[in-house]
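Asker: Take a look at this one; I'll ask things after.
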Amino acid sequence: MAQFGGFGGWSAMDVAAAAAAALGNVSGAVYHADPAAAVYASLVPGMAVVPGRAPPSAVQIEAARRWKELEKMALRSVNLMVTCAGAIQAGDYAAAAGSLSDAREIFAKMPTTRTGIGRVLTHFADALAERLFPAFPQSAPPPPPPRGEQRELFRGFYEAGPYLKFAHLAANQAILEAFEGCNSVHVIDFALTDGIQWPSLIQALAVRPGGPPFLRITGIGPHAAGNRDELRDVGLRLAEFARSCSVPFAFRGIAADQLDGLRPWMFQVAPGEAVAINSVLQLHRLLVDQDAAAAASFPAPIDGVLDWVASMNPRVFTVVEQEADHNKSSLLERFTNSLFYYASMFDSLEAISRHGGGDGAGNPLAEAYLQGEIADIVSREGSSRVERHEQMPRWVERLRRGGMTQLPLGATGLWQAAMQLREFSGAGFGVQENGGFLTLTWHSQRLYSASAWRATAGKKMTMMASGAADAMEESQNSNTNGGGGGSSGGGHGALNQIMQ
């Protein structure tokens, strides 16, 4: 089992088991921690007494003693932070503040919180502190980082490990297979960001037997800030790359803050185009509290988006999401589940660093990226909480209910993902095929799952009336906007069409 480099052999499973033990409940169904699988080494690596060998030296014995002290400190910290989360949930803020203060006192005595369990617990303590002592009024949640900083964090996380690389490869392979034999293809990307996913697809289409198709990409992204139109900038870069690969290409950007505000007519799908819709780590942002969803009489945002996705009848709808359970209404359950998950994430980042000859500190941008997710999960509630990760079984149920049928990600995708992980072969990553899905794993912990879908045949028929209504709405908007392209958010449309 993988171990944190900074704190005496503590693994991600150890963190989860300790958190569950603090609650007096180690049910795997709730906390995903199997106590039997937790490993608590009693000696520093290399300290085991083997017959025929010399007994441990005084230096080794002292190291073991210090290690045991650190182990006790880490366990005590986990217990205090779980107690803090439980007190917050119960409304006992004085007790919560006391537990958090005690945990921070322990952190101050630790030799380092740059690596290992100390680093993970520090991020969770910061999130609890933000929950207890918000720096902003309750009516105004903390604003997201500036857009330039968000891009930098995204790029840092992408480069730090196989996480987003796996997501893009699995999705692109499914799209490539869906476009086989098509001469005009259209990719709709729910979150274009810096367009880093698409050069590899363009390259694959360039060498396709029979020649490349005409490729159109519609990217959804933020509104232009100041004098800079980020969507257009990304489109220009993609157009130049497609030109270098001799792939006929067009780009269109749609500025939108919420996916549930979009409608099919906005994408201007041409007759005869084969459509692929791509969602990487975006659908969970459309979810609401599980308890609230069960009690609500109106559909959640995710339901409306899945309806119009199905109505567009794409050849493939690619979905990649965190393989995690962070959408519980209970803060205590969210806290323990996320502590387990992010302990594995930071463990894997440290292993990558050490595998590459580093000190285990890892990529600071990737750390900040994950820290932002932790803060959202732990410190925010209601509409301000967007990192609502759920596990694949719930996504399967939701997507099928939304009129989608699963397309298996076959052996080719599995082989390519495994080949991509060769760079990290010594770090403990793997790829599993689970019922047609591909899952990136860190030892036994599942991190991200990729899946592919298409509209169910019966659903297509029920959506015909919706399609006619969309066509009428498109006509009305074209008349209102003077034929400006029908993109949401204004400022994008004909001006954001970039063609080779």
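Any Cβ shown, glycine's included, is placed from N, Cα and C.
Below are the features listed in Swiss-Prot for this protein:
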- 481-493: compositional bias 'Gly residues' (COMPBIAS)
- 68-454: domain 'GRAS' (DOMAIN)
- 75-135: region 'Leucine repeat I (LRI)' (REGION)
- 154-219: region 'VHIID' (REGION)
- 233-265: region 'Leucine repeat II (LRII)' (REGION)
- 275-376: region 'PFYRE' (REGION)
- 379-454: region 'SAW' (REGION)
- 466-500: region 'Disordered' (REGION)
- 185-189: motif 'VHIID' (MOTIF)
- 283-287: motif 'LXXLL motif' (MOTIF)
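Could you tell me the structural context for the features on the list?
Answerer: The average pLDDT computed for the region 'Leucine repeat II (LRII)' (233-265) is 95.
Remark: secondary structure over the region 'SAW' (379-454) totals 28 helix, 26 strand, 22 coil, with classes taken from DSSP.
The DSSP breakdown of the motif 'VHIID' (185-189) into helical (H, G, I), extended (E, B) and coil residues amounts to 0 helix, 5 strand, 0 coil.
Below 8 angstroms of C-beta separation, residues 259-260, 293, 300-302, 305, 319, 321-322, 327, 386-390, 395 of the same chain, each at least six residues beyond the ends of the motif 'LXXLL motif' (283-287), sit close to that stretch.
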Asker: Quick check on the region 'PFYRE' (275-376): DSSP residue counts for helix, strand, coil, in that order please.
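Answerer: DSSP classes over the region 'PFYRE' (275-376) add up to 59 helix, 13 strand, 30 coil.
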Asker: How about long-range neighbours of the motif 'VHIID' (185-189): same chain, 6 or more residues beyond its ends, C-beta under 8 Å?
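Answerer: Non-local partners: 175, 179, 197-198, 201, 205, 213-220, 267, 269-270, 273-278, 314.
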Asker: What is the three-state DSSP composition of the region 'Leucine repeat I (LRI)' (75-135), stated as helix, strand and coil residue counts?
Answerer: 50 helix, 0 strand, 11 coil
Asker: In the region 'Leucine repeat II (LRII)' (233-265), how many residues does DSSP assign to helix, to strand and to coil?
Answerer: 17 helix, 7 strand, 9 coil
